[in-house]
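Feature annotations, courtesy of Swiss-Prot:
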| type | residues | note |
| --- | --- | --- |
| MOD_RES | 1 | N-acetylmethionine |
| DOMAIN | 22-315 | domain 'Dynamin-type G' |
| REGION | 228-231 | region 'G4 motif' |
| REGION | 258-261 | region 'G5 motif' |
| REGION | 461-698 | region 'Interaction with GSK3B' |
| MOD_RES | 542 | phosphoserine |
| COMPBIAS | 550-567 | compositional bias 'Low complexity' |
| MOD_RES | 561 | phosphoserine |
| COMPBIAS | 568-581 | compositional bias 'Basic and acidic residues' |
| MOD_RES | 610 | N6-acetyllysine |
| MOD_RES | 620 | phosphoserine |
| MOD_RES | 629 | phosphoserine |
| MOD_RES | 650 | phosphoserine |
| MOD_RES | 657 | S-nitrosocysteine |
| DOMAIN | 657-748 | domain 'GED' |
């Protein structure tokens, strides 16, 4: 098990070379208040004076101290890493050793070896001032120091700045918060052991070290308490209850030590002498606890705790390193290798982008969105949901009222009163309604164009990671595709405009669907006319027979008798037969007298009997209405524009409006169905499919030129740096994986 700590030290070195903190390695973190004796405990464990000492805040940067045990008989003292597969970055190992029993090495000084521990202390001070300044500033950047000695056990310790309350010197006002966050960053590592240092001449219940330790380790499974300055307690008091755990119990134990005083340091008292005096003090003051306290016992305890902790953390550490190695390998692959054949690389990237673009439209892309519709699926949604619902929301009679229809009918007849509804009025009104379908159709083209623009960004972000290496090539491809889409937009709009113009060019009243609708409406209108005449004709006939009676004396309403109804039906049948005969023979009759070429097609559907004309005439007699009639007392100006007057429509006007409305609605639905079917087809042919078919040839023609190779395949400034960082991290992870793989299972027990 002793071999586990050097393994962790090697892993620490490997990851320090790349400045990575992604792997949390097992280590011992020393925490405590300022001047509580943290650095003195570390020096006692090392057995040499190597840390800066003094009053106030001395430790101003984290110090990661690795203690490496070497055999005393080893005459050739080196870094101990000549045969290690994982070595420090750019390390050139010395061919000769160092003739000294103990030596140190800093990570930031590369291969320089220090045999003078005063020089080590001076280098710590210099490195601290280089980053933290020469006053009282604190920095979170750690200093890495490795000590080789036959007098130490294998340990990895972290000395942190002491907790303080009031800023001094050039320290910021929030120095307490900064140091607290720094300590929490190290002790929050679940693979660390917390060494909580508290001075014996203070109340343990007020220990800041134990308080902050419990925040991250409430169960105390990885916290060991150290009581320093046992020789400085008030006379008549001792730390027996504290060391026995009766005041505050600590699961891993409480160990007391005696530090060198500042006077001892000034008198150059060695650590060896200090440890000997410590043992004598413990035998005298705490004889029953002497064998479970002191610096030597603390070192052995820490070594044992660290080894067991490493054993527990090792399986998870192996898994973590393997996962990270796979991730960085994938990341490095996405960055690609340096370009050798630029011509082949350019053609490959162009082809891949064109393929991914077309696949995104077809729905066979490698990277498929799950949060929203994109590509061909969104185009389908635009066709059948957005465009379809928009067309269905267009009212066939929107913008038309009864006055508009009557005005169109009158304008279509010219100066002659019309007996039938002119076909010209129907065409005029239905074309006006069909024209309203053009705007949503053009909007459909615009939406598809926008989606095809979005596909460019989708392919750049998800499908072709290689393009991120070459930002100029990426911009050039986007520009070419955008120009291609922009060129196809007017062509597609023109085709959609023509589709609507085609419908406007010829109103096909012989359309099969429209003929069926006309037949149904003819039967419906004929039936309504029969019913209306059956109710109203008897009263009109009676008023005609008694024409000498003033109309004002006629009854307001009269129910038709059965005899009158039979008479009305007989007259209606005779009238219909007479009209049919006249229409077939072409002679005599009202229809023959007023027939016009433009209205012949409507006669079968808009037949008007004499009885109905008589009824309309009777209805119009009581209320003679002139359009735009002047008020009494005013002169009539023939140059005035006629103003429509609101009035109750006659039966014929109601019938004409109803016929026109139904015909417009029927024909509009036919045209809308045609537009809903033909516009998506036109968009697919003139825009989507054309871009798919010509995209690659357009890209090759515009970009595949020898004069553009060097410029287009210029990598971004940070791409080379990111590739190098990923390669270094991958190398470190592979080295760490090799180190862990060399651990024998027997080492764990």
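Yeah, the Cβs are placed from backbone N, Cα and C, and that goes for glycine too.
Looking only at the region 'G4 motif' (228-231), the predicted model's pLDDT averages out at 88.
Proximity of distant same-chain residues to the region 'G4 motif' (228-231), defined by a Cβ-Cβ separation under 8 Å and at least 6 residues beyond the stretch ends, is recorded for 36-37, 40-41, 197-201, 239, 256-259, 281-282, 285-286. Looking at residue 650 (phosphoserine) and the residue listed as 'S-nitrosocysteine', their Cα atoms lie 11 Å from each other.
The DSSP breakdown of the region 'G4 motif' (228-231), given as helix, strand and coil counts, is 2 helix, 1 strand, 1 coil.
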